[in-house]
Amino acid sequence: MSPLVLSFIICMFINPLQGMQMPYMTSDPKEVSGKSFDYIVVGGGTAGCSLAATLSEKFSVLVIERGGSPYGDPLVEERKYFGYSLLKTDEYSSVAQSFISRDGVENYRGRVLGGSSAINGGFYSRASEEFVKKAGWDKDLVQDSYKWVESKVVFMPELSQWQSVVQFGFLEAGFYPYNGYNLEHTQGTKIGGSIYDQRGKRHTSADLLEFGRPDHITVLLYATVKSVIFDGNKTRAVGVRFMKSDGSSSKSYKIHVEKHRGEVILTAGALGSPQILLLSGIGPEDHLNDLNIPVVVNLRDVGRRMSDNPAISLLVDRFSQNRTLEPPQVAAIAEGYKYILESEVLPTNITTTRISIAAKIAFPKSRGRLKLNSINPRENPSVKFNYLGSKEDLDACLEMVLLLQHVARSETVTFYLGLQNREKLLAGDEELKSFCKDNVRTYYHYHGGCVVGSVVDEDYRVSGVKRLRVVDGSTFEESPGTNPMATVLMLGRYQGIRILKEREVEKEGDESFLSPQGSPQPQP
């Protein structure tokens, strides 16, 4: 086989994204300020990129991302640097932005095109059938949307050494049946999908933009949205105000949607979307008055029903070493989907690692609230999740710790790690309760704040105003599957298709419909 033919095969099959055209990206606000688009998507994260790519099939889309591009950043793209992005955070420019909840638990949010899909472990697993049914989604469209995402950014992993070991540890601890490689959310032990390909390159949601129409998408980087702009009657979203993300200037810019049918869609995540609604005057009247924000809609539940899955992590190696970093590839799912367990080799600094086996409570009862600290959109909002605040959650944590101990003390795990003198098991309710309260942490799957049925309707439209939607994890009452990434990626595609269909119906019912000057015409 000639080198030319071999290169062609590599480009076409091993790396199918090569050669595809990305949309235009800029960090200069002057290039978009004063212009209008059919859709403004606020947040180029997990949902925002799949949504923008879908809407671009027929309409012009501006994606506003507060961070930069993930491309060319080894901390994002290369598996061998997994976890390093969480060690290297700063106030304005790092791809991961840290925050500490009022519970005292450290957490992170993505600040880069691709959102949290650029900083997470890359484990891909769908929502359960029960979740889809409860959400009232069209099952066939959900399946089609998952498959669309999976054809672009999901790969079957080759198990690393530790993942092979912990897989048997899960089985020894009773997480049956063994389901092999499986993207569905099913009880037992399974290998999930990965957004890392076989060469160790991460494929974030930003890659999905390559499958939209590049001439219909503009991506504005390093721009933080201050608020939504409404018409004179405060009944319809007509655009957004934004500023540079780097803190160098407080100057504001404006960008508008197409006059008649344009929409603003918030896809800024479970912290960002409720924060933007509050800054725009949509939220509890008393909280808005405290910050002298003019009230547009007195919507009590904005920022409420916040939830984060309480998690416990056990470090199973006895001391820090310098192992190869490993994101999770295997999950254990308890009966009734009650608990989710995974394991990874994480960096503790540039040169040392630890092995963690972690578990989360899948359906916590405790709820919290998000509030504004200030009217500065670059500042993290204040959030309290009330981890283990309910008796049911605390009782569940006790059971979860016992399961973790069974995995950590399994013959496979202890033999691999060379652990001969096993530490004393935690026992007794009081000891376990104390351990849970002292060691509760996040699984990074926080959600809520703009929940369907209280802040947005079943079409994800914000109550009380027109032409404004929220499409991201802030709309979830519970976190789907082993983790929300797959379903949030799917949701962007799913809602994009539904919006396109809505526009077709509007067009058919309006004989006077004309695409505005400057907006892309639908292609035959």
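Every residue, even glycine, has its Cβ placed from backbone N, Cα and C.
Database features, via TrEMBL:
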type     : residues  : note
SIGNAL   : 1-19      : signal peptide
DOMAIN   : 269-283   : domain 'Glucose-methanol-choline oxidoreductase N-terminal'
DISULFID : C397-C436 : disulfide bond
REGION   : 505-524   : region 'Disordered'
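For the domain 'Glucose-methanol-choline oxidoreductase N-terminal' (269-283), same-chain residues at least 6 beyond its ends with a Cβ under 8 Å from one of its own Cβ atoms are 42-43, 45-46, 66, 99, 109-110, 115-116, 225-228, 230, 234, 293-300, 302-303, 306, 370-372, 375, 377, 380-381, 383, 446-450, 455, 462, 464-465, 470, 472-474. Per DSSP, the domain 'Glucose-methanol-choline oxidoreductase N-terminal' (269-283) is made up of 11 helix, 2 strand, 2 coil. Shown are the disulfide-bonded residues C397, C436; the one with the most C-beta atoms within 10 angstroms of its own C-beta is C397. The average pLDDT for the domain 'Glucose-methanol-choline oxidoreductase N-terminal' (269-283) in the predicted structure is 98.
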